[in-house]
Amino acid sequence: MTPDIIPPGPLVALDYVGIAVFAVSGALVAAEKRQTLVTFIFFAVVTGVGGGTLRDLLIGAPVFWVNHNMTLLVCLSAALLVWLFTKARAAEKALLWFDAVGLAAYAVYGANKALRYGVAPVPAFAMGVLTACVGGIIRDVLAGEPSILMRPELYVTAAALAAGLFVGMAIFGMPVLLAALIAGLAGFALRGAAIAKGLSLPSYQG
Amino acid sequence: MTPDIIPPGPLVALDYVGIAVFAVSGALVAAEKRQTLVTFIFFAVVTGVGGGTLRDLLIGAPVFWVNHNMTLLVCLSAALLVWLFTKARAAEKALLWFDAVGLAAYAVYGANKALRYGVAPVPAFAMGVLTACVGGIIRDVLAGEPSILMRPELYVTAAALAAGLFVGMAIFGMPVLLAALIAGLAGFALRGAAIAKGLSLPSYQG
Amino acid sequence: MTPDIIPPGPLVALDYVGIAVFAVSGALVAAEKRQTLVTFIFFAVVTGVGGGTLRDLLIGAPVFWVNHNMTLLVCLSAALLVWLFTKARAAEKALLWFDAVGLAAYAVYGANKALRYGVAPVPAFAMGVLTACVGGIIRDVLAGEPSILMRPELYVTAAALAAGLFVGMAIFGMPVLLAALIAGLAGFALRGAAIAKGLSLPSYQG
């Protein structure tokens, strides 16, 4: 294991996409709740870095945003953009879609980083799922909203699809960039279908 | 400190008991909420490994489920069993009892692991209590339930009894297995009495 | 980086102030909810050490309360004092003021500890803010209260003022003790004004 100040390899873009869109989704929750600019920034940061922070703590990596200024400045910029340019009416719908992009990007990036740190396949898959979902969970819990986990449409499932496809393809030797692209698009497509069509798994009837 | 991929010593069984019963209790909450199978698994994993994960992060141990596949497969099996075989009517009562077993097992195992890592006695006691309670707390917060902490019957107290007895007996040199048995049974008995009889401490009257 | 069992330097007092007042604020929430003594202690510990624990995990420091008994005994004493001497009527108001002292002290101490561990300035600032706010956030989430983050008066802003002033003055070479005094008082004054006068930032109007 080596320090990981600047994430190497071709997936850096996915990481910044994940951070930026989760940061935007955090700021959008603050907008829905008509909070102040400072709370916008707080929500943007917590949502933007929450998932990746948990991932790094779990796999024993240095926490990715601690040794440079850039990550937090991205979150801060996201919060400012939402503050300046969003209309509240648009916020609720936009939130779901930004969250969907973040979910797919983080599921793939998280699983890949775990594999690079030598994590076993099942936990690496779980790392993708957990860390993709944690940003949104923290955001909802802090805002006092019912967690996105409990809503009827597919959510964790989309993260599981992206992380599972990626780990499977990586184990069978597919080039990382191609595997990331396929897995990320598949996860985003499934979550998008869930948002657009209310797609859901059968629920427990006990 | 050494890596701790397979927990050594005679308390391994307690660890797997704690993981499995907390995983079941997480899946039972998903059943009560009539969630999908994927959410069952998510809740089983988060509840099953949540307490031990916090413990390992706090004492600087490698997180126990990251380097092998078994722990997560146990959680997944627990979720599947609940999905296939539980009736919703039975879920609420069963939840309390599974949680009680997990509480006692984790209080003892957590305190023991902390002592093995050279943690001082009071924090080792706290480690047992905190990590025994954290699985259930995360489960309740995610499900949007009032936390089990705030319910009137004894809960933290039972964890404190188990962890406190164990640390005390371990310091005075009692064999670990015997100390674990006595402390775990005492904690489970107290929590069981609280469930069965509504036993509670006097509350603050201010 | 060296183990940090006893925090060095002149800011140790701030650390213990932060721990003690957050512990009191946790116990006061337990009092408001008419909980038992054990729950008082649990809330005192979680609120007292929550922020600093997150800070230490994020910067890769050994968790500060794990290697000695004193910190937890301070939290336990705080819980006992609240249990014995507080009237419920007084609790709500007192809670806000104890929380304000903890907020300012932790913002400064957290930012300073992060700088000492070589964290970059923006994350060091964020570390002060996040860790100052986390104790109160965990306390509110566990108690099922709306998070203090979402209330209208200035809260995160006061932590940001304290952490930001401190990091700025430290970078420009001001003696640490003086910088801590100025920054801590400024943060406390702002939060105090928010409590006393309902001072708030403009909120989002979308």
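Glycine is treated like the rest: Cβ placed from N, Cα and C.
Taken from TrEMBL as is:
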{"type": "DOMAIN", "residues": "B:13-86", "note": "domain 'Glycine transporter'"}
{"type": "DOMAIN", "residues": "B:96-169", "note": "domain 'Glycine transporter'"}
{"type": "TRANSMEM", "residues": "B:12-30", "note": "transmembrane segment"}
{"type": "TRANSMEM", "residues": "B:37-54", "note": "transmembrane segment"}
{"type": "TRANSMEM", "residues": "B:66-85", "note": "transmembrane segment"}
{"type": "TRANSMEM", "residues": "B:124-142", "note": "transmembrane segment"}
{"type": "TRANSMEM", "residues": "B:154-172", "note": "transmembrane segment"}
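Distant neighbours of the transmembrane segment (B:12-30): 6, 39-52, 64, 71, 74-75, 78-79, 81-83, 86, 91-92, 94-95, 98-99, 101-102, 105-106, 108-109, 135-136, 139-140, 143, 145, 180, 184; these residues of the same chain sit at least 6 beyond its ends, with a Cβ under 8 Å from one of its Cβ atoms. Residue counts for the domain 'Glycine transporter' (B:13-86) under DSSP (helix as H, G, I; strand as E, B; rest coil) come to 59 helix, 1 strand, 14 coil.
Averaged across the domain 'Glycine transporter' (B:96-169), pLDDT in this predicted model comes to 89.
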